[in-house]
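S.K.: Dropping a structure here in structure tokens format, bear with me for questions.
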Amino acid sequence: MVFAFWKVFLILSCLAGQVSVVQVTIPDGFVNVTVGSNVTLICIYTTTVASREQLSIQWSFFHKKEMEPISIYFSQGGQAVAIGQFKDRITGSNDPGNASITISHMQPADSGIYICDVNNPPDFLGQNQGILNVSVLVKPSKPLCSVQGRPETGHTISLSCLSALGTPSPVYYWHKLEGRDIVPVKENFNPTTGILVIGNLTNFEQGYYQCTAINRLGNSSCEIDLTSSHPEVGIIVGALIGSLVGAAIIISVVCFARNKAKAKAKERNSKTIAELEPMTKINPRGESEAMPREDATQLEVTLPSSIHETGPDTIQEPDYEPKPTQEPAPEPAPGSEPMAVPDLDIELELEPETQSELEPEPEPEPESEPGVVVEPLSEDEKGVVKA
């Protein structure tokens with residue numbers, strides 16, 4: 001009986017010695033590490049092959065956002081290399097049977113699944129792979145508080161609170177600030193989403209609210225003002241609008257007055273030019289031209305030589321300048337000598353429509369002075385004068 005037992009034991013031992021097996025052990029499959037710190041991922045292995053020349057160790061990383069794992073560390077024959085985002089951050093163990101690695105300066109993006117693979121040909125059987133789930137813990141970042149709806153009495157509003165970072169996911173709590181006291185809100189809210197709904201805002205519910213995001217690493221908070229009335233804001237806005245309207249009115253009045261002044265000045269200049277136009281058309285030859293040249297009549301007056309000799313009994317009369325008319329000269333008294341009178345060329349500028357000859361109206365004959373005889377020109381003399 002005892003002989004038979006030892007016989008079976010020897011047979012099983014021989015069979016086990018002929019099978020090559022690699023066994024990988026992971027002491028802790030869940031690892032939590034705070035952001036910025038170092039973490040050691042423990043992976044222990046055993047192999048039935050004494051030689052380590054063909055031994056290879058590989059670590060892979062599977063991010064939750066990635067579809068396939070990526071290789072981050074590989075070691076074989078004493079040579080190790082880190083790859084990708086973990087380059088220069090991974091240090092591997094050189095101890096036999098220890099495939100652990102240490103990652104420095106962990107970041108939120110390093111959270112995910114890590115896979116340890118150990119191979120030592122000809123050991124191909126057994127459990128040569130281990131899996132670790134690593135979470136990088138992050139304190140909640142300062143949440144963003146916002147309000148949807150009009151924060152006025154009688155309106156329905158909702159308050160939201162959300163932190164962009166935080167591992168594990170934070171939970172949210174709402175409180176109302178009453179002076180120095182922090183009072184939990186009476187309304188129901190969702191601690192997972194951080195949404196607080198106020199169905200009918202009253203004066204009692206108006207004020208300042210605080211939201212706090214909490215996880216195992218810490219907490220952060222934000223505040224929001226639900227004061228519906230802000231008189232100072234209304235005054236500022238009203239003053240600003242009034243200033244803009246007043247400036248616009250002033251600019252309009254100034255522009256209108258300027259344009260009106262320009263129009264009056266332009267009208268005044270045009271009237272002045274119209275009044276000065278007739279003056280600019282005066283004949284440069286002087287006032288001696290009063291009639292057209294073709295209507296000019298030359299008169300010859302003969303005065304006695306005794307006109308220059310005035311006796312003591314002669315009464316001097318004012319000089320008389322004959323008018324430039326075409327009436328015939330009065331007949332001289334008999335016995336007087338004719339006196340030559342300077343020829344007078346009289347021209348009159350007539351309108352185009354009145355170019356026809358005008359018949360001179362007879363004027364009363366001036367009283368002849370004593371001793372002065374004016375004889376009319378004969379037809380022959382008139383012809384000579386006209387020639």
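Any Cβ shown, glycine's included, is placed from N, Cα and C.
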S.K.: For Cys116, what is the disulfide-bonded cysteine listed in Swiss-Prot, choosing from Cys43, Cys161, Cys211?
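M.R.: As annotated by Swiss-Prot, the paired cysteine is Cys43.
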S.K.: Write down the residue from Asn38, Asn98 that Swiss-Prot flags as N-linked glycosylation site.
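M.R.: According to Swiss-Prot, the N-linked glycosylation site annotation belongs to Asn38.
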S.K.: Which of the glycosylation sites Asn38, Asn200, Asn219 has its Cα closest in space to the Cα of Cys116 (disulfide bond)?
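M.R.: If we rank Asn38, Asn200, Asn219 by Cα distance to Cys116 (disulfide bond), first place goes to Asn38.
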S.K.: Looking at the recorded positions Asn32, Cys43, Asn200, Cys211, Asn219, which has the shortest Cα distance to Asn133 (N-linked glycosylation site)?
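M.R.: Nearest in space to Asn133 (N-linked glycosylation site), counting only the recorded positions, is Asn32.
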S.K.: Could you tell me the C-alpha distance between Asn219 (N-linked glycosylation site) and Cys161 (disulfide bond) in angstrom, no decimals?
M.R.: 13
S.K.: Restricting the comparison to the recorded positions Asn38, Cys43, Cys161, Asn200, Cys211, which residue's C-alpha is spatially nearest the C-alpha of Asn32 (N-linked glycosylation site)?
M.R.: Asn38
S.K.: Non-local Cβ contacts of Cys161 (disulfide bond) (under 8 Å, 6 or more apart, same chain)?
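M.R.: Long-range Cβ contacts: Pro143, Leu144, Cys145, Tyr172, Trp174, Gly194, Ile195, Leu196, Cys211, Ala213, Cys222.
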